[in-house]
Amino acid sequence: MKNHLMVGLILGLLVNFHCAATFAHLNSVVGSAAGAIGEQPLSKIAIHKAKFALQDSASIKATPFVLGIRGEDTEWVDVNFEIEEPSNDDWIGVFSPAKFNASSCYVENDSKDQAPYICSSPIKYKFANFSNSYYTKTGKASLKFQLINQRADFSFALFAGGLSNPKLVAVSNSIAFANPKAPLYPRLAQGKSWDEMTVTWTSGYNIDEAIPFLEWGLKGHQQKRSPAGTLTFERNAMCGSPARTVGWRDPGFVHTSFLKDLWPNTVYTYKMGHLLTNGSYIWSKMYSFRSSPYPGQDSLQRVIIFGDMGKAERDGSNEYSNYQPGSLNTTDQLIRDLKNIDIVFHIGDITYSNGYISQWDQFTAQVEPIASTVPYMIASGNHERDWPGSGSFYDTPDSGGECGVPAETMFYVPAENRAKFWYSTNYGMFHFCIADTEHDWREGSEQYRFIEHCLASADRRKQPWLIFAAHRVLGYSSDKWYGLEGSFEEPMGRESLQKLWQKYKVDIAFFGHVHNYERTCPIYQNQCVNSERSHYSGIVNGTIHVVVGGGGSHLSEFSPVKTSWSLYRDYDFGFVKLTAFNHSSLLFEYKKSSDGNVYDSFTISRDYKDVLACVHDGCEETTLAT
């Protein structure tokens with residue numbers, strides 16, 4: 001072997017014959033009613049079939065050895081490698097922790113098949129010829145990887161045999177961030193009251209090592225400290241494979257601090273801190289946010305809504321452009337316009353990690369510029385929650401065995417029970433009711449009672465803009481698969497809810513899950529109740545339904561059937577922006593992620609008396625009393 005470090009790493013990869021585990025492997029993501037949405041790239045690697053084939057003539061080296069010396073939480077790494085018999089299907093896997101040997105194999109079942117040599121999937125990968133077309137002639141190449149701080153060291157492995165029959169031929173030195181446990185990737189969210197903001201972040205410090213807290217205050221004024229609670233989850237909290245097996249990675253520790261009694265519409269600064277047992281402090285960077293307006297406050301208020309974004313790797317890893325092709329475009333458009341955004345709603349299918357837990361760190365790093373500055377509110381989708389026999393409404397394996405645990409831990413929402421991912425929140429003149437389509441919403445259910453209470457609690461004089469949002473389409477969609485079913489909705493979707501939307505005069509209902517954009521007319525019971533297309537005024541007669549699932553994942557085809565209620569369709573990636581100018585004027589804009597330009601829009605103008613007016617099924621029955 002070339003050096004003692006290489007010998008040590010290779011010995012660590014030798015199979016431990018006491019480990020008799022085999023690993024289930026999800027070869028594909030099960031398509032939902034919205035159609036197939038692509039295959040998690042890491043699931044293409046049959047890591048449980050990897051063979052031990054180290055070659056003296058093969059080598060791989062990564063530099064620099066220490067990352068983040070100046071406090072960076074991301075850095076580019078050079079990986080140089082060579083092999084005697086190169087092939088187009090050779091690939092480089094990034095492993096973290098650096099030692100990925102069989103001594104740590106998790107026993108999932110009683111199978112007696114040969115134990116694997118490698119116990120975990122890489123956190124990302126590239127084909128060896130990614131940036132060098134001469135690789136198959138020379139056997140030498142170099143790649144650049146962008147790594148983020150993920151609480152552990154990294155190593156790189158050179159594989160022959162492609163993704164389906166990987167043969168490990170060389171392992172690199174290990175590299176690490178200077179402080180792998182540093183507090184990182186803050187996520188803001190609205191608290192349970194309008195004057196409360198929550199800050200959630202990830203670190204490598206458990207409470208027996210350091211006390212987590214937030215230092216914060218009015219910008220330019222004396223700062224104060226607030227304590228933080230700490231959560232994590234273990235492998236046995238996962239419901240199945242790959243989350244319990246090759247996709248498992250320690251998520252670190254997730255801390256949340258609650259900032260209370262905020263002044264409305266005011267800029268605050270904050271930074272995360274950990275007080276170590278030796279009395280020293282570990283600090284994050286400084287961030288800032290603007291607190292929420294007082295409920296009903298008459299000011300400019302701007303809301304972003306989209307679903308199904310996922311994540312992608314800026315260094316080209318994981319064949320990112322083939323999996324979540326619009327993800328980075330959506331992220332970058334929001335970052336560019338961040339000064340004109342007040343709050344974001346990502347309504348389900350957050351990371352598409354599908355059981356590969358490392359991807360949650362990647363996603364929180366990707367959205368950090370947004371989520372650290374404005375509240376980043378999420379909803380639960382099938383790729384967060386669904387797993388057979390786990391209590392989800394749909395008996396599908398779409399979460400890859402996560403069954404909601406990472407989403408419920410990594411992001412705060414003001415729900416009474418985060419395992420039941422429904423909640424209400426206020427922002428100025430907006431009242432939001434966020435449903436959880438992965439639990440029963442039908443009449444008589446616990447969630448149905450919540451939805452009615454949420455809608456009924458809106459004070460329309462103070463908060464005239466009433467918004468309903470959920471992941472799956474409980475309203476109207478011209479999706480190809482819904483069209484084949486003839487329902488143009490999730491089965492049983494709107495049957496129980498449409499009378500609630502009408503009774504409480506919901507302005508707009510937003511949905512994801514279907515990966516395109518579509519806007520309906522104001523509609524009730526399958527009928528347009530208004531013939532306008534671009535401007536609505538006066539009495540509210542129905543609810544406008546919007547599918548905004550083009551955040552970044554594979555696009556969904558439309559049905560060839562031309563539905564009478566569909567006003568605008570777009571087979572592209574994009575998001576919606578709502579701008580409330582005052583209590584009487586709302587602007588709706590659909591923007592493409594590719595250029596940030598507006599491709600569909602309408603306005604609503606009305607007074608409080610218009611909201612009070614009776615419409616069909618929208619007012620209590622009258623009596624003969626005088």
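For all residues, glycine too, the Cβ spot is worked out from N, Cα and C.
Copied over from TrEMBL:
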- 1-20: signal peptide (SIGNAL)
- 60-179: domain 'Purple acid phosphatase Fn3-like' (DOMAIN)
- 186-290: domain 'Purple acid phosphatase N-terminal' (DOMAIN)
- 302-517: domain 'Calcineurin-like phosphoesterase' (DOMAIN)
- 542-601: domain 'Purple acid phosphatase C-terminal' (DOMAIN)
Study note, to complete from the structure: Across the domain 'Purple acid phosphatase C-terminal' (542-601), the model's average pLDDT, rounded to a whole number, is 97
Practice item. Just give the helix, strand and coil counts over the domain 'Purple acid phosphatase N-terminal' (186-290), going by DSSP. Key: 3 helix, 53 strand, 49 coil
Review point. DSSP helix, strand and coil counts for the domain 'Purple acid phosphatase Fn3-like' (60-179)?
Key: 7 helix, 50 strand, 63 coil
